[in-house]
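Engineer: Quick one: the structure is below, questions incoming.
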Amino acid sequence: GGLRGATVIDALDTLYIMELEEEFQEAKEWVEKSFDLNVNGEASLFEVNIRYIGGLLATYYLTGEEVFKSKALELGEKLLPAFNTPTGIPRGGSLFSPCSGMSWSWGWASAGSSILAEFGTLHLEFLHLSELSGNPVFAEKASNPQPGPLHPPGVMNIRRVLNRVEKPQGLYPNFLSPVTGSWVQHHVSIGGLGDSFYEYLIKSWLMSDKKDSEAKKMYDDALEAIEKHLVKKSAGGLTYIAEWRGGILDHKMGHLACFSGGMIALGAEHAAEERRQRHMELAAEITSTCHESYTRSDTKLGPEAFRFDAGSEATATRLSERYYILRPEVVESYMYLWRLTHDPKYRHWGWEVVQALEKHCRVEAGFSGIRDVYTTTPTHDNMQQSFFLAETLKYLYLLFCEDDVLSLEDWVFNTEAHPLPINHTDFKA
């Protein structure tokens with residue numbers, strides 16, 4: 001697509017973890033010689049930041065090779081102009097030209113607004129950029145700084161804006177104006193446009209070695225509102241997370257929202273006893289519902305979105321939602337639930353996915369998405385998304401590894417499954 005080398009950079013840490021040394025060296029050489037940050041190409045701020053910076057940082061922490069660190073820092077600096085807005089919130093779906101430092105907005109980003117999952121998913125990477133560079137400016141853009149020479153008064157930062165703005169029923173809508181700092185429309189989703197914001201709250205707390213209490217409180221409050229207003233049980237007994245449109249529930253769950261089983265389990269692991277048990281049960285139920293969306297299809301792969309209405313459960317009722325593009329969220333939850341419970345069903349479910357991928361998605365040159373999961377002779381879409389190598393295959397691999405391979409005690413995975421070290425005082429990556 002528009003991201004030059006996204007597949008190479010997304011695959012770096014997967015290649016390294018799987019000990020595919022020859023391919024890793026080839027990829028490293030490409031980064032050294034051909035990853036040019038000065039071409040006048042555009043890509044969305046969120047995509048560039050998470051895919052490139054996360055992949056480069058993770059590979060630096062795994063290998064200690066300076067080239068990955070310097071490319072990540074160089075790219076981080078090129079992203080800073082996107083934060084030049086009245087609130088300090090980067091512009092939504094910002095198209096971004098690294099060469100000119102110009103940014104402007106995608107047409108679909110509701111009236112020039114910023115997207116929760118974009119500006120809320122910078123924290124892990126930007127904290128590491130500050131730590132590695134010694135330059136506090138990255139952390140200040142993402143976290144909760146005091147006004148100072150690098151951060152003049154009047155320029156509010158992301159968390160401060162989010163803490164100040166009123167949240168309907170305690171929920172965070174998906175679109176915020178970077179000019180006024182208020183919500184643009186009241187659509188709430190734990191799937192696309194919202195997803196990784198919530199994930200980054202609990203992961204920021206874990207990455208800080210449980211010192212970032214503000215992130216933990218924001219996560220706890222958000223999850224409480226989600227439990228109260230969005231978590232529903234179908235007539236057939238399946239637990240799912242609905243979407244919320246100005247107070248009206250839409251009884252659908254996107255494949256993207258299936259990451260939440262893993263997130264809730266990760267948060268539960270560190271909660272007080274009563275909450276721990278409740279959240280572990282909720283995580284297992286959501287993961288089970290997502291598994292149902294796979295088993296109820298002919299290919300045993302899940303659709304892009306599935307609904308709970310008009311008598312249908314955990315199936316796509318619209319033609320436009322029947323496709324599968326090699327997404328990782330369901331196997332991501334299997335991996336977390338396996339690591340935290342060691343219930344063998346999660347490995348069985350993961351193996352079902354491996355077999356279905358081999359059967360329906362493998363093509364001569366790699367793996368392809370399919371247009372309809374409800375037919376046993378699916379049509380390929382001729383695309384291998386870069387997240388397939390970064391996430392889907394990595395999470396499947398880790399599901400069958402020993403727990404000490406990228407232990408959850410020492411590493412936090414960013415939203416593209418790139419591992420970043422937890423800030424233990426005694427931990428050496």
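Each Cβ is built from the backbone N, Cα and C atoms, and glycine gets one as well.
Among the features that TrEMBL reports, active site, proton donor is placed at GLU47, GLU304. Marked as active site by TrEMBL: ASP195, GLU329. The feature Ca(2+) binding site is assigned by TrEMBL to THR415. Annotation source TrEMBL lists disulfide bond at CYS258-CYS290.
Could you give the neighbours, burial and distances for every feature on this list?
Structural biologist: The local packing around ASP195 (active site), expressed as other Cβ atoms within 10 Å of its Cβ over all shown chains, amounts to 25.
Listed in sequence order, GLY254, HIS255, ALA316, GLU321, ARG322, TYR323, TYR324, ILE325, ARG327 are the same-chain residues at least 6 apart in sequence whose CB falls under 8 Å from the CB of GLU304 (active site, proton donor).
Neighbour list (GLU329 (active site), Cβ cut-off 8 Å, at least 6 residues apart, same chain): HIS255, LEU256, ALA257, CYS258, PHE259, CYS290.
The 10 Å shell around the Cβ of CYS290 (disulfide bond) contains 28 further Cβ atoms across the protein chains shown.
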Engineer: If I take the alpha carbons of ASP195 (active site) and THR415 (Ca(2+) binding site), what is the distance between them in whole Å?
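Structural biologist: Cα to Cα, ASP195 (active site) and THR415 (Ca(2+) binding site) are separated by 9 Å.
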Engineer: Count the Cβ atoms, other than its own, that fall within 10 Å of the Cβ of CYS258 (disulfide bond), considering every protein chain shown.
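Structural biologist: Excluding its own Cβ, CYS258 (disulfide bond) sees 31 Cβ atoms within 10 Å.
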